[in-house]
Amino acid sequence: MLGGSLGSRLLRGVGGTRGQFRARGVREGGAAMAAGESMAQRMVWVDLEMTGLDIEKDQIIEMACLITDSDLNILAEGPNLIIKQPDELLDSMSDWCKEHHGKSGLTKAVKESTMTLQQAEYEFLSFVRQQTPPGLCPLAGNSVHADKKFLDKYMPQFMKHLHYRIIDVSTVKELCRRWYPEEYEFAPKKAASHRALDDISESIKELQFYRNNIFKKKTDEKKRKIIENGENEKTVS
């Protein structure tokens with residue numbers, strides 16, 4: 001066992017006293033905790049292109065994923081995957097899907113792809129596991145409830161990694177249209193490319209607009225009035 005003075009000298013020789021080591025450990029532990037909390041606030045943005053909206057017969061043909069922090073800054077871009085589907089399914093798509101997926105080049109890309117649904121889920125799951133902790137980060141997107149139905153059915157392992165709640169930009173859009181019609185007129189309009197990665201990027205920009213123009217930071221004056229109103233209500237009650 002080292003003597004007290006010798007032990008202290010050795011500790012100082014490798015970088016500090018016992019107290020300094022404890023302080024450094026606290027700082028590093030706090031930084032790790034903050035990083036973990038930050039990762040838990042991330043959003044998993046997903047957009048799918050399908051052969052239609054019938055969950056019983058239609059299939060996913062394209063998918064893309066972006067990860068943002070809670071302030072909507074893009075942190076990572078995931079795989080943008082084209083999934084092989086049989087020609088019979090593509091030929092049975094609605095006229096709308098045939099027109100738009102044909103114009104965008106997606107139909108041709110699907111026919112040329114060799115990616116299976118199982119491979120796509122594996123790549124997506126590998127990506128989100130690197131970027132987010134399990135069970136904490138929500139699925140986000142525009143009308144993302146429709147995407148979620150297909151993900152629940154065809155990519156259950158991917159969905160198990162996410163939180164059960166969703167962040168649907170279309171909900172904010174509809175509330176803004178009703179409550180703040182003047183601001184709504186300036187909301188970014190979708191380019192309607194009907195390609196997965198483009199649609200996600202547009203959804204993030206749209207939510208950024210609502211955040212900056214609808215979810216406004218309270219000024220000190222507003223905070224004061226809210227506090228006063230709260231105190232008045234307590235007095236009356």
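Any Cβ shown, glycine's included, is placed from N, Cα and C.
The annotation active site is assigned in Swiss-Prot to His194. Taking the Cβ of His194 (active site) as centre and 10 Å as the limit, one finds 19 other Cβ atoms among all the protein chains shown.
Counting only residues at least six positions away in the same chain, the Cβ atoms of Met63, Ala64, Gly141, Asn142, Asp147, Ala196, Leu197, Asp199, Ile200, Ser203 sit under 8 Å from the Cβ of Asp47 (Mg(2+) 2 binding site). For the recorded site, Asp47 (Mg(2+) 2 binding site), the DSSP three-state label reads strand. The feature Mg(2+) 2 binding site is assigned by Swiss-Prot to Asp47, Asp147.
Residues or ranges marked as domain 'Exonuclease' in Swiss-Prot: 43-207. When averaged over the domain 'Exonuclease' (43-207), pLDDT in the model lands at 96.
Note on Ser92 (phosphoserine): other Cβ atoms within 10 Å of its Cβ, all shown chains, come to 14. Per Swiss-Prot, the feature phosphoserine maps to Ser92.
There are 22 other CB atoms within 10 A of the CB of Asp147 (Mg(2+) 2 binding site), with all protein chains counted. His194 (active site) falls outside any helix or strand according to DSSP and counts as coil. Note: the CA-CA distance between His194 (active site) and Ser92 (phosphoserine) rounds to 19 Å.
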